[in-house]
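Q: Below: one structure in structure tokens.
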Amino acid sequence: MAELTIDPTTIRKALDEFVESYKPSDTPTQEVGYVATAGDGIAHVTGLPGCMANELLTFEDGTLGLAFNLDAREIGVVILGDFTGIEEGQEVRRTGEVLSVPVGDGYLGRVVDPLGNPIDGLGEIKTEGRRILEAQAPDVMHRHPVDEPLSTGLKAIDAMTPIGRGQRQLIIGDRQTGKTAIAIDTIINQKRNWESGDPKKQVRCIYVAVGQKGSTIASVKQSLEEAGAMEYTTIVASPASDSAGFKYIAPYTGSAIGQHWMYNGKHVLIVFDDLSKQAEAYRSISLLLRRPPGREAYPGDVFYLHSRLLERCAKVSDDLGGGSMTGLPIVETKANDVSAYIPTNVISITDGQIFLQSDLFNANQRPAVDVGISVSRVGGAAQTKALKKVSGTLKISLAQYRSLESFAMFASDLDAASKAQLNRGAHLTELLKQPQFSPYSMEQEVVSVWAGTHGKMDDLPISDVLPFEKGMLDYLDHNTDILKTIRETEDFTADTEAALDKAVEAFRETFVTSAGKPLVEKKPDEKHTTPVEQEKIVAGEK
């Protein structure tokens, strides 16, 4: 057997040649994790050491997940969608992306899920790009003060708690008090601006349904279609049957779609119906992921959940296009308790609230706005001149009426001034009633509120207030130019008031009450007022 000799020079030469000719493999590498446990919309995943917070992950069946908890040994993942097919041992892969949704005008008139996928059976949506869900809100220097009105078409709100473009106005109240009805009426009222074709007036609307019944969402869509409002509205639907993950991200999806329009100089109205359901979904996710519970078992960052969402609603500066996104968050209370955790959180974040009282709703006062607790902190600067002039005393008159009404229940005798105040308050309360899906124009609101606050209805039976108002508006529309003048100037001058006073008095003379009696008794003509003397006949005279 030949002796083996090792030559170091030969070995060194062979290694050098190998290193020079070596080419790394082009095969891509990918981190792979495995499902340790799964259930209730949550999965615990091992592996994936490079995973980032809020990164999108994909499961074997294509379902997406959101990396929520980054623990030492595993990742807590919120499953976005159906979680029944996810089982222990399945592979999980990173995407290297954060959650985003498609955006663009193609979303107008469509119903989508929280991932931006159409669910209305009308085909694919033509998009203009994507926008991440966790987008930063505009900073202070890029905001413009709220100074443009956003009319709801509801007399009680536009007169007493006005809303401006870029404002966050909370709608709060017990279940079945008309919260959604106010939001839908506000969307329908934007139709007049949309049909004008003026981009500065047009408002694109987004309705985010969180935790609602599927039949309720379908009913809202049908109402918007019948009113012709669906062409400028997008519905983001996350019904009660959806997973907690979908309910959690749905408001952020709607906000991302709206921000795309806002930063392009357009005006947006977004309704979150409702944030109580989103907070409950976030609570269930946090408890399943073993995050420490706080007050009412909500996690400690539930305030941040809503603040980072609602702070995106703003009117941006002219440098960024001058667009706006107005937010109408809805929160449900229990037994009219506005001091609960979520209501107080959202009240402190928003620019005002409209509180709907269940007692008023049950007494057929609809919209059931509680004047005493409802407020708009910044909307007054955006209110039109005309409406501001006529509604100055309305809120205080109604507040005094409420307090005097409770006192009058125990008082046997009232002075004339108190009786007059009670009478005026009762007529104003009746005047502010408004059926659903019948928004008023700004000029109609001005005339109605003026007539109520100036005693033009004080001598009417309560049941005739609304018929009188309807007849008065028809009379003014067909016989005068007063409504047109108010609409074009957005002001209520002394000359306009004098002409309106004369026209309303003329209508009062023609109005007949439900009892069949004229409101104003006609005075008999003067030529018939002098008595006719009988001719005297004296006997014996010729």
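Cβ coordinates are placed from backbone N, Cα and C, and glycine is handled just like the others.
Okay, these came from Swiss-Prot:
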- Gly173, Asp174, Arg175, Gln176, Thr177, Gly178, Lys179, Thr180: ATP binding site (BINDING)
- Ser374: site 'Required for activity' (SITE)
- 518-542: region 'Disordered' (REGION)
- 519-542: compositional bias 'Basic and acidic residues' (COMPBIAS)
Q: With DSSP assignments reduced to helix, strand and coil, which class does Lys179 (ATP binding site) get?
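A: In three-state terms, Lys179 (ATP binding site) counts as helix.
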Q: How many other Cβ atoms are found within 10 Å of the Cβ atom of Gly173 (ATP binding site), counting all protein chains shown?
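A: Taking every protein chain into account, the count is 28.
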Q: State the count of C-beta atoms found within 10 angstroms of the C-beta of Thr177 (ATP binding site), not counting that atom itself.
A: 25
Q: Enumerate same-chain residues with a sequence separation of six or more from Ser374 (site 'Required for activity') and a Cβ-Cβ distance below 8 A; give 'none' if the list is empty.
A: Met160, Thr161, Gly352, Gln353, Ile354, Phe355
Q: Indicate whether Gly173 (ATP binding site) is helix, strand or coil by DSSP.
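A: DSSP assigns Gly173 (ATP binding site) to strand.
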Q: Using Cβ-Cβ distances, find the residues under 8 Å from Gly178 (ATP binding site) that belong to the same chain and are at least 6 apart in sequence, listing them in sequence order.
A: Leu356, Phe361, Arg366, Pro367, Ala368, Gln436
Q: Tally every other Cβ atom lying within 10 Å of the Cβ atom of Thr180 (ATP binding site).
A: 22
Q: Report the same-chain neighbours of Arg175 (ATP binding site): residues 6+ apart in sequence with Cβ closer than 8 Å to its Cβ, ordered by sequence.
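A: Sequence-distant Cβ neighbours: Glu332.
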Q: Does DSSP put Ser374 (site 'Required for activity') in a helix, in a strand, or in coil?
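A: The three-state answer is coil.
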Q: Restricting to the same chain and to sequence separations of six or more, state which residues have a Cβ under 8 Å from that of Gln176 (ATP binding site).
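A: The answer is Ser358, Phe361.
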Q: Can you name every residue in this chain, apart from Gly173, Asp174, Arg175, Gln176, Thr177, Gly178, Lys179, Thr180, with its Cβ inside 8 Å of the center of the Cβ atoms of the recorded ATP site?
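A: Result: Glu332, Leu356, Ser358, Phe361.
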